[in-house]
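The transmembrane segment annotation in TrEMBL covers 7-26, 46-68, 80-103, 123-146, 153-171, 183-200.
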């Protein structure tokens, strides 16, 4: 399997797994750590599957984006100034998502709602910082793609929009913040699918 195919599969399959895990199976309602912990403990088996698919999918996607950034940075082209920074940020994000996975998986095994809520509270705190870092990384990669023109301009636009929305969403509360965050994640997933599909297509030629 070539590197293009590997990266493409990480992006495409990872996006699909993450979407199913977070949007379909995850029981948390986002109304706070205690409510989320209660929802998770109501069905711990399904929650574990959802967390595994959600975090596993996102980690796969971020790993794929790291490979894209690294390739562009090492090529030393016009995009290297942007992608070299994005590459480092994606490595940090992988570690952060691994920590989040451990905390949320642990909350599904908690002995009480209070214990689960404590773990969820830490996971939420990490998630807030992750959103800002991920927003910067996606924006830099999107700019790099626009400069390098190695993927379709739609991919660059989606990643930049997703990145900016993640950064802005970190400072906006309430329903407006939820809408901005949803736009960010949709842009992130669609952008990853476009880049991943392009890599798979190129590997078949």
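Placement of Cβ uses the backbone N, Cα and C atoms for every residue, glycine included.
Fair warning: this is a prediction, and the values are worked out from it, not measured in the lab.
Outside the transmembrane segment (183-200) by six or more residues, the chain places 4-5, 7-12, 14-15, 18-19, 61, 64-65, 68, 131, 134-135, 138, 142, 145, 151-152, 154-155, 158-159, 161-163, 165-166, 169 with a CB less than 8 A from a CB of the stretch.
Of the candidate ranges 46-68, 123-146, 153-171, 46-68 has the most C-beta pairs within less than 8 angstroms of the transmembrane segment (7-26). Non-local neighbours of the transmembrane segment (153-171) in the same chain are 128, 131-132, 134-143, 145-146, 177, 180-181, 183-188, 190-191, 194-195, 198; each lies 6+ residues outside the stretch with a CB under 8 Å from one of its CB atoms.
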